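Annotated compositional bias 'Low complexity' per TrEMBL: 18-33, in sequence order. The region 'Disordered' annotation in TrEMBL covers 17-38. For 238-272, 273-307, 343-377, 413-447, 448-482, 483-517, 518-552, 553-587, 588-622, 763-797, 833-867, 938-972 (among others), the entry in TrEMBL reads repeat 'PPR'.
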Amino acid sequence: MIKSTVLLRRHLPHRKLTTLPSSSSPSPLSDPTTRLEPEPHSDILLAEEIASILFTSSAADWRRLLTAADIPSRLTPGAFTALLRSPAGDRIPPLLLLDFLRHSSSSLQTLTLAASSSLAVLLANSRHLGPLNGLLQRMTETHRQSPSEIVNSIIDSFEARPGSDPVVFDVLVDTFKIMGMLEPASRVVFSMKDRNLTALAPSLRCLNSLLKDLLRANSMDLFFKVFAFMRESGYSCDEYTFSSAIAAYFRVGNVCAAKRAVLEMGEMGLAPNAVIYNNLIAGFCRAGKVDDGFELKRQMVEKGLAADCFTYGTLINGLCKERRSVEARKLLEEMHRLGLDPGIIVYSTLIDGFMREGNVDEAFILRDEMAGFGIRPNLITYNNLIRGVCKVGKMDKAHELLREMAGIGWKPDAMTYNLIIEGHLRESDSVGAFRLLDEMKHCNVSPNLFTYSALVNGLCRMGESRRASSLIKEMTSSGLRPNPVIYSSIIVAQCREGRIKEACETLDMMAEGKVVPDEFCYNSLIIGLCKVGKMEEAKRYFVQMSNRGLQPNTFTYGALIEGHSKAGEMDAADGYLKEMLARGLKSNKVIYTTLMDGYCKVDNIEKVFSTFHSMLGEDILPDIKAYSVLIHNLSKNGKMHEALQVFSELEEKGLAPDVYTYSSIILGFCKSGELEKAIHLHDQMRHKGVEPNIVTYNALIDGSFKSGNLESAESLFKLAIEKGLVPTGVTYTIMIDGYCKLGNISEAFVLFDEMVSRGILPDNFVYSALIDGCCKVANLERALELLNEMLVKGCFATVLTFNTLIDGFCKLGKLQDANQLFQLMVKKGIMPNNVIYTTLIDGYTKNGKMDEACLLFLEMQQSNQMPNAIIYNSLIDGHCRVGNTKEAVALFEEMMAKGIMPDDITCNMIIRVNYEEGNLLEAFKLKDAILEKGMPMNYITYFALIDALFTKADFSGAMQLLKEMKEQGIKPEDSECMKLIHSLSSKGFAEEVNRLLKVMVDSNWVTQQST
C-alpha cells in the first residue's frame, strides 16, 4: 500500500483546475458507461435518500437505518453514481462512501467504471491514498483487459471535478506498477500528453520509479519514451533520473549518450552520490570503457566520496575482461591497504582473469592468498581454476582440483564436469572424456546440452564423426533435444572425413527428430558437397533450403560458385553470382578470385579480366591471390609481357608477391624457353626474402632439361635438397624423364631407386619415361621388365608406353615381340591408335613382311581408324621393294582418291615405277600433278625421266627437264650428275651429252674439273 504522505511533485508552478476548457471532452477510447450522462429520476431520489441517512446518522446507525428503509434491495449502480454526483454526496466523507460501497457490495453486484473513477478522485482529493490504492487495484482486477479505459475514465472524472488533486495519477501509475503492468503505467503518462494535461502529469518521484522499473524489465522502448516525455515537459530531472538514463544508455550500447548525460548532470549542478557513481562505473566497464570508469573513480575521491568494495570489484572485473589482470591485481592490493574486504567474488574474478590469460601460477597464488585471509573458495572459484588448467592442458591438475573440491564438501556441478571433459577432448583424449562422463552420471550429475555439445565437437575435431553421431541417440533417450549447432558440427566433420552420404543422412535425420535444420546446417552440407564436386546434390539441398524459408548467404553462394568453377562449369558459376547479387548480397574477393581461377582453367582470358574489372568496380581491392591467378593464367598461355605488367602493378600497389606468384612467372619463362629470365627471377625472389618451394624448383629443373642444360638441372635439384625441400613425385618424374631424354639412363635408374626408397610410388609417367629411355639405348629387355612391373603395381599403361616399346622392337627387327606387345595391349583393353598401327606396318614393310602389313592395314580400317599418309607411303614403299608394283600403284591411286597427299618420296617412287614399266606418259602426268600441287620432286626422279627421254631421242624434252630442275631449285649431287653422264655416254649420245654437261656446269651442279 502507498503511504498517505504528501508526494513530491515535479518542480513546476503548482496550480489546480478551477475551470475546464470548453474543448475538453472524454477520450474516444472511454467506455460509454464512463460518460457523464443524466441518471433516471428514481436513481436521483434514491441517492438523495441515501445521502440523508449517511450525512445525518452516526457510524453505528447508518447501516441499521439503510436496512430499515429497504435500501439494499432497491440499490442500483445508477443510484450510487447519482449519489457521487449529487451536491449532497459532496458533503459525505469519501471514506464513508467507500465504506458504504463495501457494505453494499453484495446488493450492488457491479459498479460502473465511471462511479469507481469518481470515488477514486474523491479519495485522492481527501488524500486517502492507501484506500485509493486498494480501490484502484480492485478496478484493475475487474477491468484487466482494458487498462486504457481505466486511465481515460479517471481523467474524465478528474476533469468533471474542477480543482481535483492530480495525486490520483501518481497512485494510478504506482498501482499499475505493483501489478506488473508497466505498459499501462506508461500509458498514464502518454495520455496526459495526448489530452494536453502535461501540467498534471505524475510527480518526478513517480516517474523516476517508473523509469527504474522499466529499466529492470528491459522495456527500453517504453523507457526512452517516458524519459523523452519528462525532458519535453520540463521536468527538473534529478540524480536518480540521470542514473536510470545513463544505465539505459549503457544497456543499449550508446556510450556517447551516457557520457553526455554525465556532463549534463554537472552542468545542472547535480552531484551524484556513491551509488550513482558505482552504477556509472559499472556501465562504463560493461561497455568496455574501463579507463572512463577509473576517471569516475578519481572524481569520486575528489568529491569526498569513498570508493567501496562494489567500486573496486566492478573495476577489477572490467580489467580482467580486457585481459589486464596485472592491473586488476594492483587494485586488489589497494583494497587491502584501504582495509576493504575483497570477498570471494573479487578473488574469483581475478583468478578467472589470470586463467583466461594463461597465467596459471598467479591464479593459484591468489587461491592460496584468499585462503590466508580466511576466504573459503566456492564452486565458482574452483570452476575458474579448472577452466584455466584445462585450457593449458594440465589435466592432472584439473583432476586434483576435482578431488580437492570433494574433500572440502563442494559437489561438482555440470559445468565442472563439462570443463574437464572439454579439456580432455582438447588434448585428443576421448578415453579420458568418456571416463569422466561415466563418473559424472555415477555422481548423479546429469549431462546437459553443453556436455554433449563438448563431446560432439571434440570427437568431430578428432575425426571421429561416427562416434559423435552415435551420441545423438543417447541425448534424445535422456530427454535432451540436440540443437542445430550440434548437428552442424557433425555434418562438417562427416564432410571433412569424406563421408558425404552420411552427412546427407544426418541432415535428413534432423527432420525425423523434429529439429529444423538452420542455415549453418545447410551451408555445411552444401560446402561439403561442392568440395567433392557433387554439384547436383548441392543444388538439391540449396533448393530445399530455400523452400524451408531459409535465406542463402554469401557462404552458400560462394560454395556453389567454387564447386562449379572447379568443374569448369562457368555458366552455372556465373549464374549463381548473378542470383546472389540480385538478392542484395555482396560478393567478395574470395568469390571473384574463385571465378577468375575457373575461367583460367577453361582458357577464357576475356572473362578472367572482365571478372577482375567487376571486382574493381565494386570497390573490392584485389589481394595477392587475385593478382596471382591473373599472372598464372597469362604465364600459362605464354603472355609473359602481360604477366610482367600485372606483376609490376601489384608491386606498385604495395602488395608483396608470394611464392605462388613468382612460381607462375618462372613456369611461364621455362615453358617459353627463357631459362635465363627464369633463373634471374628465382634469384630475385630469394633476395626479397621469398623462399622458393619445390614447385618453383620443379619448373626450373624442367626448363633446364628442355633447354638441354643438364648441369643447371642437376645443380637446381641439389640446391632444393640442400634447402630442406623434399622432392615430390613430380620432381623425380622431371629428373628421370630429363635423364632418359639425354640418354643418361643409369642416372635415371639411380633416382628411380631413390624415389621408391622414399616411399614415393612411381606412376605411369615415370615408368613411361624409363621405358622410353631404355628403348633409346636398345635395352629392350629392361624396358619389358619395367612394363611388367608397371602392370603388376596397377599403374595404367598408356598407348604411348606400348608404342615406345613396339617401336623399339620394330627398329631392331624383332617383329614377333612387337606383335606380342600389340596383342597384350588389346587384351588390356587399350585401343591401338594410328601411331601404333603406323609403327607396326612400317616395321613389317621395312622387313618385307607385306602380308602381315596388309592384314594390319585392313584391321585398322575395320576399327574405324583412317590410315594416314605415312602408312600409305610405308605400304607403297614395301610393295615396290618386293616388286609388287601393281599393288603399289593401286594404293597410290587409293590415297589420292581419299584426298591423302603422298610425300615426295612416294610420288617419285611411283613415277619411277611407271617409267620402269614403260608407262612414260603416266610418269609425266604424275610429275605434272605433283608440281601443280606444290609438292617437291627430287633429282633422282628427274634424272630417271631424262634418261628415258634420251633413250627415246627426245633431247629437247630432256633439256626442258633440266631447265625445270633449275627453276625448282633442285641441285643434284656432283657424283649423281656424273653417273647420268656416264650412263648416257655409254649409250652413244656423245654430242647430246656435251650439251647436257655444259648446262650442268653452267648451273654449278658440277665443276669444270669434274668434267
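We count from 1, first residue shown onward.
A Cβ is built for glycine as well, from the same backbone N, Cα and C atoms used for every other residue.
The helix, strand and coil residue counts that DSSP assigns across the repeat 'PPR' (483-517) are 26 helix, 0 strand, 9 coil. Across the repeat 'PPR' (588-622), DSSP classifies residues as 26 helix, 0 strand, 9 coil. When DSSP labels each residue, the repeat 'PPR' (238-272) comes out as 26 helix, 0 strand, 9 coil, counted as helix, strand and coil in that order. Helix, strand and coil content of the repeat 'PPR' (273-307), in residues and according to DSSP, is 26 helix, 0 strand, 9 coil. Packing against the repeat 'PPR' (238-272) from elsewhere in the chain are residues 204, 207-208, 211-212, 215, 218, 220, 223-224, 227, 230, 279-280, 283-284, 286-287, 289, 292, 296, 303: each is 6 or more residues past its ends and has a CB under 8 Å from a CB in it. DSSP assignment over the repeat 'PPR' (518-552) gives 26 helix, 0 strand, 9 coil. Secondary structure of the repeat 'PPR' (448-482) per DSSP, as helix, strand and coil residue counts: 26 helix, 0 strand, 9 coil. Secondary structure of the repeat 'PPR' (413-447), assigned with DSSP and counted as helix (H, G, I), strand (E, B) and coil, comes to 26 helix, 0 strand, 9 coil. Residues 414-415, 417-418, 421-422, 424-426, 428, 430, 433-434, 437, 440, 489-490, 492-494, 496-497, 499, 502, 506, 509, 513-515 of the same chain, all 6+ positions outside the repeat 'PPR' (448-482), place their C-beta atoms under 8 angstroms from a C-beta of that stretch.
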